[in-house]
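Down below is the structure, laid out as structure tokens.
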Amino acid sequence: MSAIMLRSGNVARSTILAGGPLIGGPMTFRSAVSSTRTFSLFTKARIQSDDMKRASLSLQPSVREAEKSQGPVVGSEGRGVEGPHYQDQVSHNVLSDASTTGAWTMFNPIYTEKELNTVQVVGRAPVTFGDKAAHRTVKFLRKCFDLLTGYTPYEVPASVLAQKPIPIAELRSKGKLLSDQKWLFRIILLESIAGVPGMVGGTLRHLRSMRLLKRDGGWIHSLLEEAENERMHLLTFMTIAQPGIFTRALVLAAQGVFYNAFFLTYLISPRIAHRFVGALEEEAVRTYTHCISDMEAGLIPEWKDMPAPAIAIDYWRLPASSSLLDVIRAVRADEATHRFVNHSLANLDQKRDFNPFALSEASPEERGSKWGYTREESAKFALEQQRKLMAASEKSSGLVE
């Protein structure tokens, strides 16, 4: 490489470090020849070494070596570790379909019928003290929530279901069934709270990334996706519900208390916070499974053949003929995903590991039938997805035949 000639040492130093192009045409070059300086390879190497000394603490070689000595991490540094670049993704003209309004700002889930049927009620047995504390807290909150909403996990006997007609009014009067309005009351309260953890975690990790002057490893985006997904659940059910003053007051009070409590929990122990959310989502899947069972058994006649709201058809890319039952099944699949992701994140090193789901989601079958990944499974999954992404990127750019 030919020597780089510039007007002054200061300009040369800043230009080399920035890696930017040389500015100026032939006239500028000729006028500078008599007063130029030539930098040898040794000088340029010294300039670059000086630059590392002035780097942020997290980028200095000694700090990076110390981090490596602590053991392996989930994920790795390098290209594509926090998700695909927009230029690496295959473009799709969603506006060609008149029934859609375009892509949503963040990831929005799309399921097949088979994938929706894979969702199961599963749970992770608590192991550590933190796990047990999170699990017991969720169980206590669940009991309080059931009492507030009048919910009873009652399974109607087959003999009662065989009656024509089914004594729905009698079952509701005995507190064994929820009416459509009580289901909406319960769901709206649940979803108004469920959108808090992702936003809290994303906010705190965003601030941590800026505070430490280092990248986050893909955690922020997944947590914000979770928060938006839960908010879309709330907006969907708001299209068929008209909350009164009492419901709005409860939402305001519950959200204010829960946000601050979860904020403090995440500051103290992100691991316990994610375990708490994983356990909370287990209960959400259980609740929606009960709701689906009641709808399929004809125990909520007000929702029979009710069409899916337009916002739900657009968000989940559902067929135009979809019903409210299809929407609730999609919501349950989302909750199973949050259960899977948060339990998996709780198993990671909260300060050093990369988010294994920054590159790609696990398969819907796994998300629906497993409580989550162990740390070893997360490391394997992250490596596999990074290799797939790199191979696809190289193939699309013509580097591989």
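Including glycine, each Cβ sits where the backbone N, Cα and C put it.
The Fe cation 1 binding site feature in Swiss-Prot is assigned to E191, E230, H233, E335; the stated evidence is similarity to another entry. Within the same chain, residues at least six positions away from E335 (Fe cation 1 binding site) with a Cβ under 8 Å of its Cβ are E281, A284, V285, Y288. DSSP assigns E335 (Fe cation 1 binding site) to a helical segment in the three-state reduction.
Residues annotated as Fe cation binding site in Swiss-Prot, with sequence analysis given as evidence: E191, E230, H233, E282, E335, H338.
Secondary structure at E230 (Fe cation 1 binding site), as computed by DSSP, is helix. What Swiss-Prot records for E230, E281, E335, H338 is Fe cation 2 binding site.
Feature annotation from Swiss-Prot assigns region 'Disordered' to 53-81.
Within the same chain, residues 145, 148-149, 151, 178, 219-221, 223-231, 233-234, 237-238, 240-241, 243, 247, 250-251, 254-255, 258-259, 262-263, 266-267, 270, 273-274, 276-277, 280, 284, 287, 291, 338, 342 sit at least 6 positions outside the transmembrane segment (184-204) and bring their C-beta atoms closer than 8 Å to a C-beta of that stretch. Residues or ranges marked as transmembrane segment by Swiss-Prot: 184-204 (among others).
The annotation transmembrane segment is assigned in Swiss-Prot to 249-269 (among others) on the grounds of sequence analysis. Residues 130, 148, 188-189, 192-193, 196-197, 200-201, 204, 243, 276 of the same chain lie 6+ residues outside the transmembrane segment (249-269) yet bring a C-beta within less than 8 angstroms of a C-beta in it.
For the binding-site residues listed here (H233, H338), the lowest count of other CB atoms within 10 A around the CB belongs to H338. Residue pair H233 (Fe cation 1 binding site) / H338 (Fe cation binding site) shows a Cα separation of 13 Å. Spatially close to E282 (Fe cation binding site) yet at least six residues away along the chain are V121, V122, G123, R124, V138, R339, W371, judged by Cβ distances under 8 angstroms. Within 8 Å of the Cβ centroid of the Fe cation 2 site, not counting the listed residues E230, E281, E335, H338, the chain contributes A194, E226, N229, V277, L280, A284, V285, D334, A336, T337, R339.
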